Amino acid sequence: MSGLTTPSAAIPFPRLRLWLPAVPVLLLVAYLVLMDNGAVSQTGAFLHELMHDGRHLLGVPCH
Amino acid sequence: MVRTLLVRGLWAGLLAGLIAGGFAFAFGEPHVDSAIALEEAAAPPAHEPAGSSAHGSDEPAAQASGEAAPHDHGHDHGEEAVVSRPVQKAGLFLATGLYGLAVGGVFALVFAGLRGRVGPRSDGRLALATAGAAFTAVVLVPFVKYPANPPAVGDPATINDRTLLYVVIVLVGLAATAIAVATARRASSADPWVRWVAAAGGFLVPVIAAWMLLPGVDEVPGGFPATLLWEFRIASLGTQVVFWAAFGVLFGWASDRVSARHAATTRPATAPPTSPTTSSTPPSPASSS
């Protein structure tokens, strides 16, 4: 529980900037799971169908 | 420090995604099955001529899928489907797990940026507050305008439009949250009530404007059972609630431990508490109460 009361210091922006390239990679994963219909993944309907129930239940538009 | 937070975020996201997948499997899948059963009962199999169905064309569901039949081959749920139903149910866990991984990673990097600059001063509280804000922005705001739909609801021909509108409302939710935080910081010298009202206004004005201005989507077939639609939507919202609650707690706990360890090793070197980046924020007693 120590962290609930311990103040934390800001991480300098130059150190954060080093990790920015991870963001597009992570967003690509989210896109492939939630929205791709074959245009990027090149698997046709396969990826869409494999993620089908997850898409519906995570609340993303699906077919 | 950032790397540690990112790794913890990925793990917490993956775990929370699997937990949410378990919830969705138990409480959502029965409704998905029911909806697919309705979809198959309403739509004739693709290799039969449309209109030979015994259900007749007075059923709007049959009409809708009959119109879409020529370009609907990629989405059969029957035996000829690309992915069988049991594999789709396993794919549910893959989908929620990967969703959690991606969301957890992005969240951890945003968290690393907010830490010590915006919001509660301690990691556990900041993680919970940020998870709550993210849930509101990414799930609640879109859900009110474009609620989740089970299979058999939604015209396949409009999927690209609906996906675009969904992305727009998610971005509106995120932007409105950022505006609310910025507004609250701008009003930091005011008393807490003024700050809360300013933050609520900064959030609600763009969100309500988007709800009113963006086009609605009304594609529920006439014969679709209202109870099934309601129960599916509650199960879908519940899946996201479980995900964000689990993620907030897991990441809050993990980031707490990271900062405790970090503090134990570097506290003597970074003793001065007043750095330039924190000088514009309100004094900590107000934010930690």
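One is the number of the first residue shown, and numbering goes on along the chain from there.
A Cβ is built for glycine as well, from the same backbone N, Cα and C atoms used for every other residue.
Feature annotation from TrEMBL assigns region 'Disordered' to B:43-79 (among others).
As annotated by TrEMBL, compositional bias 'Low complexity' applies to B:43-54.
If you look up TrEMBL, you'll see B:69-79 marked as compositional bias 'Basic and acidic residues'.
Per TrEMBL, the feature transmembrane segment maps to B:92-114 (among others).
Sequence annotations record features per position, and here TrEMBL assigns transmembrane segment to B:126-144 (among others).
Taken from TrEMBL, the feature transmembrane segment covers B:164-184 (among others).
Residues 141, 144-145, 165, 168-169, 172-173, 175-177, 179-184, 186-187, 190 of the same chain sit 6 or more residues outside the transmembrane segment (B:196-214) yet have a Cβ under 8 Å from a Cβ within it. The transmembrane segment annotation in TrEMBL covers B:196-214 (among others).
If you look up TrEMBL, you'll see B:234-254 (among others) marked as transmembrane segment.
The region 'Disordered' annotation in TrEMBL covers B:264-289 (among others).
Among the recorded stretches B:92-114, B:126-144, B:234-254, the one sharing the largest number of Cβ pairs closer than 8 Å with the transmembrane segment (B:164-184) is B:126-144. Long-range contacts of the transmembrane segment (B:126-144) within the same chain, counting only residues at least 6 positions beyond its ends with a Cβ under 8 Å from a Cβ of the stretch, are 107, 110-111, 114-115, 119-120, 166, 169-170, 172-174, 176-177, 181, 207, 210-211, 237, 240-241, 244-245, 247-249, 251-252, 255-256.
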